[in-house]
Each structure stands twice: as structure tokens, then as C-alpha cells.
Amino acid sequence: MANDFLFTSESVSEGHPDKVADQISDAILDALLRQDPRSRVAAETLTNTGLVVLAGEISTNAHVDYIQVARDTIRRIGYDDTDYGIDYKGCAVLVAYDKQSNDIAQGVDHASDDHLNTGAGDQGLMFGYACDETPELMPAPIYYAHRLVERQAQLRKDGRLPFLRPDAKSQVTLRYVDGKPHSIDTVVLSTQHHPDQSATATTMKQSFIDAVIEEIIRPVLPKEWLHDTRFLINPTGRFVTGGPQGDCGLTGRKIIVDTYGGACPHGGGAFSGKDPTKVDRSAAYAARHVAKNVVAAGLARQCQIQVAYAIGVAEPMNITVYTEGTGVIADERIAALIKQHFDLRPRGIIQMLDLLRPIYEKTAAYGHFGREEPEFTWERTDKAAALRAAAGLSPGEHHRKEG
């Protein structure tokens, strides 16, 4: 890669229409898991002006008021006024759930008498990633893009910037020198707002622009990275119509926002609305857990993990490690250590990360990774010391490539 380059990642707020859909899907998953941890769930959501459609496949012994869960989620996000295009009190909610296919269930439920050898719910490939660009071991562009829209929501909800509305998008372009973050080149922040914040049809009031820069952006970004940074605030001007009224929202359409902002490949499977027997979700969480522990152990400055599964088969097809030359031991040796220290069978993952709990709605906005809340068990670095010891490394041996 070039010595001096730019890299960009984006995020969206909890009020973005696709994120509204993700949060409803995960709120329904949580409601089911609270009553029946064995629920099999693939909950999809569509949001549009004044309308929510709930569809997918659910097999459960739980009794959940799906319509009320959807309304409560929309209210929490902040869509409580018909002027916003959707109002939790009056929107229509249509429910069209089926049961899980028996053909899938037989491969997952009866792959083995040993519950740890329960098969994967589908084929697929998943990636995990970690790097040392932030204390959370996340790529800096996506990490700070998340923090920007998270702060937008915080200041909207606590009344400090009462003219904001729920929908927002952020984008951070970071300059790298010698492979390390050097400075922030450009920040884009587009936020929905009340009509009185527009100066003209295509421009915003300067007071609005100043408030967004000083109250949202500057408190979040590292001061030492702000060298001649460009700030683009609502660059097309007026952003009054937003959320599900501005665009139809669907579950699973923000998979790069949900993961690493494009810093590593993506297997294509979305997360929200899926119970942890779906390896699209659980194995991606496990791959992040593995990669983060590898970096936390000092075995590499960055680590990409690929795992793949076949439906009905418990053991992964492969566990592949790529450290892009930053490893202190060979990638193949890191892969061998991973196999020794992590059980990446679907049931092993569920047990290792304690995933049969109602923890998922919180993951559905501001990223599934790089979060320190206790629900995010895949962010623990509890295997780092064991990995380091097994690699035979002492504290002074970081970043020495094995010959």
C-alpha cells in the first residue's frame, strides 16, 4: 500500500431508516429470547412513511406483542411526531412471520447427540478484524464515524441541540502515513433538522453549522488529528425530510457500517434480527473476539480472520489468519494457536460468548464492534495472556517477525 494515503468510513445514526429497521428486528429478537432462549429467529423489518412491515421466520414458545415492541422502539429512537414522517403512536404495523423451515431445523437441531457438535444454521464465510489504531482495537475511521452520530443522538435527546431530528450520517476521511493514522482530512456530517435551521433551500444557517462543528464534531475527534481538516455540514443544504419518510428502510442494509467500515472484507451476511444459531452473526462476533485477542496479545498490530461453515456441520471449514506483515510470529502459527484456544463450533461460540441473552438491540446502532458495554462479550480480551504465553513471547518481543 502507498506510504501516504486516505481512507474513508461512514456511519449512520439510530434514526436512519435502515437502522430503525435493524433496531426493531433486534428488539423483537430480544423480546423472544427473554421468554425463550431457544427461540429461532430471522426477523426482517421494512420501514416507510407511516408504515412498518415485520416479516421473516420465527419458531418459539414465547408470546410477544410484536406490534408494541415495534412502536416502543420507534418511540425510543425519537420518532414521536407526524412531522417526522413516522410516529410511533399512529404508524401502521403489519406482521407476517412464518415458522423456521423444518429442512433447516433438522440439520441444526440433530447434527449430533453432543450439543457442542450442533451444526451451523447455514453455509457462509465471516470475517473478524482488529488493529492498534484505537484503544478499542478498531480502525480509526469507522470508530470515530460512529462516535459522531452517537453524539448527535445524545445532544438531540438531552436537549442541548433541540433543533436536531433523528436521522443523521457521518463520514470520516483519515490520512495515513507509514501505515499509521496521521490526521483527519475531511469530516462530513449530515443531520436532519427542524425547518427553521435552513437559511435558504440550499444553505444552512451559520449558527447551525457552527453548533454542529463545535458541539458534535470537535469534542469527539482527537485534537492532534485536526490539521486543516475540512468540515462539510449538510453539504446539500436543507435536510428536513428524513428517516423512513425520506428513504425506505430495510434490515441488514448497513453491513459495512455494522462492522469495520470497509477496512477488511465482509462475508455478506447481515446481523440484526438473527438469533445466535445463525453463524452470519455469531461467527462474525467470534472472529472479532479472536482477532482482538491476537492484537491485544501483541502477536500482531493488525489481524484479519476468515472462518467459513457448511450447513449442518459444526466444525468450521477453515480458520485463516492474515496480519499484513505486522505479526511477530507467522500467520500459520497464529492460526494454530487460535484452534487451540477458541472453540469456533456454533454451540461453542454461543457458550464462549454467552449469546443466548437479550443483548442485541444495543448492537443495532453505532456498530457491533469496538464497544465497551458489558453486553459485548466478544470485545473481551480474556484470551490474550494465554495466547501470548503459548506463543512463547515475553513483554519485550512485540512486532518481531518470526523468520
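Placed from the backbone N, Cα and C atoms, the Cβ positions cover glycine too.
Bear in mind that the values here come from a model prediction, so they are computed numbers and not experimental data.
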- [ ] Select from 100-110, 177-187, 243-253, 265-275 the stretch of residues annotated by Swiss-Prot as region 'Flexible loop'.
- [x] 100-110
Open item on the list: Given that Swiss-Prot assigns D167, A168, K169, R238, F239, D247, R253, K254, A270, K274 to the ATP site, pick the one from H16, H63 that the record assigns to that site as well.
Closed with: H16
Task: For R238 (ATP binding site), the one of D18, E44, E57, K278 that lies nearest, given that the binding-site residues are compared by Cα - done: D18
TODO: Using a 10 angstroms cut-off on Cβ to Cβ distances, just flag whichever of H16, R238, K254, K274, K278 is the loneliest among these binding-site residues.
DONE: R238
Open item on the list: Just to verify: the residue among D18, D247 with the fewest other Cβ atoms within 10 Å, which of the binding-site residues is it?
Closed with: D247
- [ ] Tally every other Cβ atom lying within 10 Å of the Cβ atom of E57 (L-methionine binding site).
- [x] 15
